[in-house]
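These notes are about the structure you will find just below.
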Amino acid sequence: MVFIPISFVMDATHPGSRSLKFIFSVLSLIPLVKFHEISTRELALRIGGSKTGLVAATMSNLIETVVAISALRKCELRVVQSSLIGSMLSKLLLVLGLCLFAGGVRFSEQDFDTTATQLHSSLLSLSVGAVLLPAAYHFALSGVSSIPSRLQMQNILKMSHGVALVLLFIYGSYLFFQLYSHPHLYKDGVQKYNKSQVSLQQEDEAASSVPSSPLRLTPPRRMYQAGSPYNLSETTLVTESHGVEISRDGTGSLSSDGSDKPSPLHQATKKPQLSLLLVVLLLALVPVAVSITADRLVDSMDGISIPKPWIALIVLPTVSTIAECISAINVSVQDQLSFAISVAVGSTIQIALFVIPFMVSLAWVMGKPLALLFDPFESMVLYISVQVMSSVMSDGRSNYLEGSVLICLYIIVAVSFFFYPVWTSPFEGCGAI
């Protein structure tokens, strides 16, 4: 927290030291993001139910939205675009990869509901298509001399405004689907876990009732325990919070404490630790402090040697997701992977279907030419990331290797963009059109 007042003092006393101003602005964002994560978690605990993941995803995107609005006010259109694409990549690859990796280190396998995951993949594919179409339009007509380039840019801008309105409508339909028509697909991780335990019990009873059929042993939730071999005939689940032990013996029945009755894996019920007034104050004050810090951060980007798009694409999203990564790891190691996935993937969908079209519409109102024509390399990387995520999540099970794949892909993206030259957008500058 000491970096917050230091950054204010540096801005007042050394306005010309852009490098120091940038460093302290980035460092001061870390405690602000942590405060925001604490207030979001407390609010989610108070709301509960199927709305928890949506609230957590919405509040986690507030920081990115504030930074993007600050860059838009200064007409840094490339910074706006790169920061939004970078936020999607960090949540889709880094946060989700850490979830799968942390859970896979503690459990041999974890399962989750594939119905909502397939829907998420479809929505992400749609949003990536909306980003790729203006780029395809631009490069398809860039060599046609009969159409003036200025007219092409005006058409792309009008296309972006229309597509943004359609994406906002799709996001509204998604909210209605999640909150009203199909809320059972977005329940808390504890409820999903208990449901899977009941399914496992029914599967075992069906297998034990037919002696001639071979027993299907699927121990996806075995914790790694030092000194104990992996035994297919018995799987032991241990909860650290209550000390409840659930064993699956060779007959396929579930037992707890030696009894024949099935016992679900209990989770510790967390209660809010902050007052509602303090939570509201944090939610109101932190975005204001972030907006002031973001203004200084955008101003200081011109004085450093690192390209601004790389900072917006990699550095800022990584800093803003530090607290989110820690929370996702804590949830996944408690075997609440469905909730962690709903926050990470749901947050990415919200950026794609709401934040990006909202920023385009806001720029439209402000008279600034922010279009859906993104850097072609950024658009292609986003497409590859969505396809890899869809492939990893398609089977409804996860392990640590799949998490490593997503994390390593994010590292590859960061290294590749560090050596990528700055792309000059035809909409560079507010007076371009």
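Backbone N, Cα and C define each Cβ position, glycine as well.
Feature annotations, courtesy of TrEMBL:
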- 208-221: compositional bias 'Low complexity' (COMPBIAS)
- 22-179: domain 'Sodium/calcium exchanger membrane region' (DOMAIN)
- 280-418: domain 'Sodium/calcium exchanger membrane region' (DOMAIN)
- 202-221: region 'Disordered' (REGION)
- 246-267: region 'Disordered' (REGION)
- 84-103: transmembrane segment (TRANSMEM)
- 123-144: transmembrane segment (TRANSMEM)
- 156-177: transmembrane segment (TRANSMEM)
- 274-298: transmembrane segment (TRANSMEM)
- 310-333: transmembrane segment (TRANSMEM)
- 339-365: transmembrane segment (TRANSMEM)
- 372-392: transmembrane segment (TRANSMEM)
- 404-423: transmembrane segment (TRANSMEM)
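Remote same-chain partners of the transmembrane segment (372-392), defined as residues 6 or more beyond its termini with a Cβ less than 8 Å from a stretch Cβ, comprise 78, 81-82, 85, 88-89, 92-93, 96, 100, 121, 124-125, 128, 130-135, 138-139, 156, 159-160, 163-164, 309, 313, 345, 356, 360, 398, 402, 405-406, 409, 413, 416-417, 420, 423, 425-427. Long-range Cβ contacts of the transmembrane segment (156-177) within its own chain (Cβ-Cβ under 8 Å, at least 6 residues beyond either end) map to 54, 123, 126-127, 130, 133-134, 137-138, 349-350, 352-354, 356-358, 360-361, 364, 369-373, 427, 433. Counting residues 6+ beyond its ends, the transmembrane segment (310-333) has Cβ neighbours under 8 Å at 26, 29-30, 33-34, 36-37, 41, 60, 63-64, 67, 71, 78-79, 82-83, 85-87, 89-91, 94-96, 98-100, 102-103, 105-106, 110, 189, 297, 301, 304, 339-340, 343-344, 347, 378, 413-414, 417-418, 420 in the same chain.
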